[in-house]
Structures are given as structure tokens and as C-alpha cells.
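Among the features that TrEMBL reports, compositional bias 'Basic residues' is placed at 415-426. What TrEMBL lists as domain 'Sof1-like protein' is 354-440. TrEMBL lists 415-437 with the feature region 'Disordered'. What TrEMBL records for 62-104, 278-309, 321-362 is repeat 'WD'.
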Amino acid sequence: MKVKVLSRNPDDYVRETKYDIQRVPRNYDPSLHPFEVSREYTRALNATKLERVFAKPFLASLDGHRDGVNCMAKHSTSLSSLLSGSCDGELKIWNLTKRECVRTLQAHEGFVRGIVVRFCGTSFFTVGDDKTIKQWKMQCPGYGEEEEPLNTILGKTVFTGLDHHRTEGVFATCGQQVDIWDEQRSSPIRSFTWGVDSFSSVRFNPVETDLLASCASDRSIVLYDMREATPLKKVVMTMRSNTLSWNPMEAYHFTCANEDYNLYTYDMRNLEQPLLVHMDHVSAVLDIDFSPTGKEFVSASFDKTIRIFPKDGGHSREVYHTKRMQHVICVKWSADNKYILSGSDEMNIRLWKANASEKLGVVGHREKAATNYNQKLKEKFQHHPQIKRIARHRHLPKTVYHQSKEIRVMREARRRKEKNVRKHSKPGSVPVATEREKHVVTVVK
């Protein structure tokens, strides 16, 4: 007689110690798991709800300035250092780890208009309303030493912006014209003008380091090459741009913050129309900074909010505001991609998380795996109505909420009017202008 006996190798299912996880044999054939999708949907829904529950982006407020914070600069080699300049000419250096001010100096008389740290991190430059450019040592002066700048250059006009080259001892300023300076000389090595009375900001390209761009008061954005004697080209928009920021990962793309409540991403090779229009703010956008990954950027607005946009998305994924925060003048994204810093009118610098619900501190292996799993589930079910509604919902201040509704109504009315005009006109006499084409007046080369 033949007897069949089940035989199993204990190594396949018995734990070696009581601290190990139980081994469970699994068959991943989908036909054996008919309820897997509904189970995953419930998990995705719970993960989305928990994400909103734990979304607490505000971390700290750095107070100490006696006037509105006008500009900020990240340290080029240290993650924990931040420089900020206020409207009374005072400059402070902060230690973000301890969240305290480590050094204060009276840099200028009147506003501090721009701060930039040299690429090596040993010194920094400031410009102000007193028509001077000053270079300062990053280290605190020793005991008994006076707080003196390393170098002072007196200009002919007020400087409104400043930026430093990524690898060379060259920096650019803007005011009535855009000047390129060598650190060793007291006069500019090159000056660019193009019939404009003033410029509000200038930025070096972090990838193609000889290129730079500036925003002018005649509603134009002008592009330059340091190796050329004249500007390359400019695009004139319907309203003035306050500042711009280059994408650190895509050499020819930049995004500008405009007075018409929008942000525009351009490819400098084709300025005829922007690649994308980013809408959501309900007042003038005052500052912008890209994340080091180049996938997102943060914008600061006169409407007292900060918004985070994906670089290829027309609407913001996140909006930050507090009851006390007034008009946000400047904003920076930290070099480790984790934090956002904002400086506002009411003399405070605020520290925010770039990802509102992210857990700070040490995260265990299993916790990290669970977070990644939940993230994938949310991505898988992101277009389901209920999950989409929960993930998109944000609390807004009452004024911002009502203004955005009003803007939506106005935009709809304008669209309806255009449609009616086109309907009652001769075919082809009123061309259809896309949203991207509407905002560009002309491109001058």
C-alpha cells in the first residue's frame, strides 16, 4: 500500500528567533485576490486623510529685525546658515539649527536691496539704497575688532539687485543699468543698457554660467551673455515682472513672478510665448525660488500667502499662510530640498516644511517602507473623486478665498464676451488667442 505524506522544510516557515517576523507564504496571482483593489482603495483613502491630518508645515519664526525683511540669501556651503537684510539697513546672520541670530551688522543706510554669498562661502556682498556695494567677511570679527567691510564700492546710482557668478570672482548688479563687476576692480568691466530707466532684479544662470537675465521697469525681461557687448534679446509682457529664477536642472528654462498675479515659465530659446502660465495667487507675485531638484518652485505674494507649484503644473499643490503673516516680500528654498524660508513685512522670517505632512527626525526602515507604499497608493488612486477632493482641499484666508472666486467670475465673463464678439463678427476677423499668447506683447532681438 502506497501512503502519500506531506513533507515541508521547517526552514521555509519557522522563525529563527522570536524577534523575527513570521514567514507567510504568498501567492500573488490576482485571480486569488478578488478584493485586492477595494482594499487598496480604502488604504489610499485613509492615507490621504492622514496626510491632511498631519499636514503641519509651520516650524519656527525667527524674530529680531526691527523693520520689514526685504531680502534673504542662502549660504553656498552651509545648510544651517541664512542671511537676511531689512528695510532699515540692518543685516542678520542666522543659525537655523539653533534658530537664533548669531551676528547683526548695520550694512547700509536705508533699505538693504540685495545679498549674495560668494560661491566659496568665505564672504558675502550687499547692496543698498546708499549707492554702495560692500563685501563682508563671513566669519565674525575677533574680540576687539570692529565690524568693517572688506571692500566698499561707491556707485553713481541706487542698486536694486545683486547676484554672483557660480564659479568665478564676478558679480552682477542692476539699477539704472546692468553692470558686471570683477571683485578686484572698483569699476564695472561691462555695462548693459537697452533704453530702460531701471531694473528690479538680475540673476545668473546656474547651468550656463555666462548667461544672465534681468527684469526691467518697461515690463520686459532682458537676456544677456557676459561674453557679448550687447544684450541678447528681450520679451515685453503686458505687465511688469518683479523677479525671476532659473531652473537649476534645465539650462534654458526660467520662471518670472509677475504683477498680474501669475507666474510664467519661459524657454529662453523661444520667447514668443511662455511654456506655462502658473495661476492661483490673488495679488502681485513678489518673489520666486526653485527647489534644488528643479521639479518645483515656491512663490511669495502680496496676498500674504506662499504657494508651491510643480514646474509643469498650472496650479499650486500647496498654500501656506498664518494669521500674523503680512505681505511676503522674499522666499527661499533650502539647499537640502526639505525647508522653505519666507521673509515678510511684519519683521519675521518663517521656516516651513517643503512637504507639509513629512515626519522630521529619524525614520525607521519599516516606517519608511510604509510611507513609500502609501505614497504609491495615493498616486495610483489620485484621480478617484473622493481622494482627489480630500487631497486638493486647502483652508484659505477669507479674503483670499473671496478674491479667487471674484477673479474666476471675471475670467469667465471675459471669456464669454470674447466668445460673443467672435460669434457676431466676420469669420476669421477675431482670432483665438490662447492664455499663453495673451500676455506677451513682443519679442525684441
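Just so it is clear, glycine is given a Cβ too, placed from its N, Cα and C backbone atoms.
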Cβ-Cβ under 8 Å with the repeat 'WD' (321-362): same-chain residues at least 6 beyond its ends:
50-52, 54-63, 65-74, 79, 82, 84, 86, 94, 96, 99, 286-293, 296-306, 308, 371, 396-397, 400
Can you tell me the mean pLDDT for the domain 'Sof1-like protein' (354-440)?
94
Which numbers of helix, strand and coil residues does DSSP report for the repeat 'WD' (278-309)?
0 helix, 18 strand, 14 coil
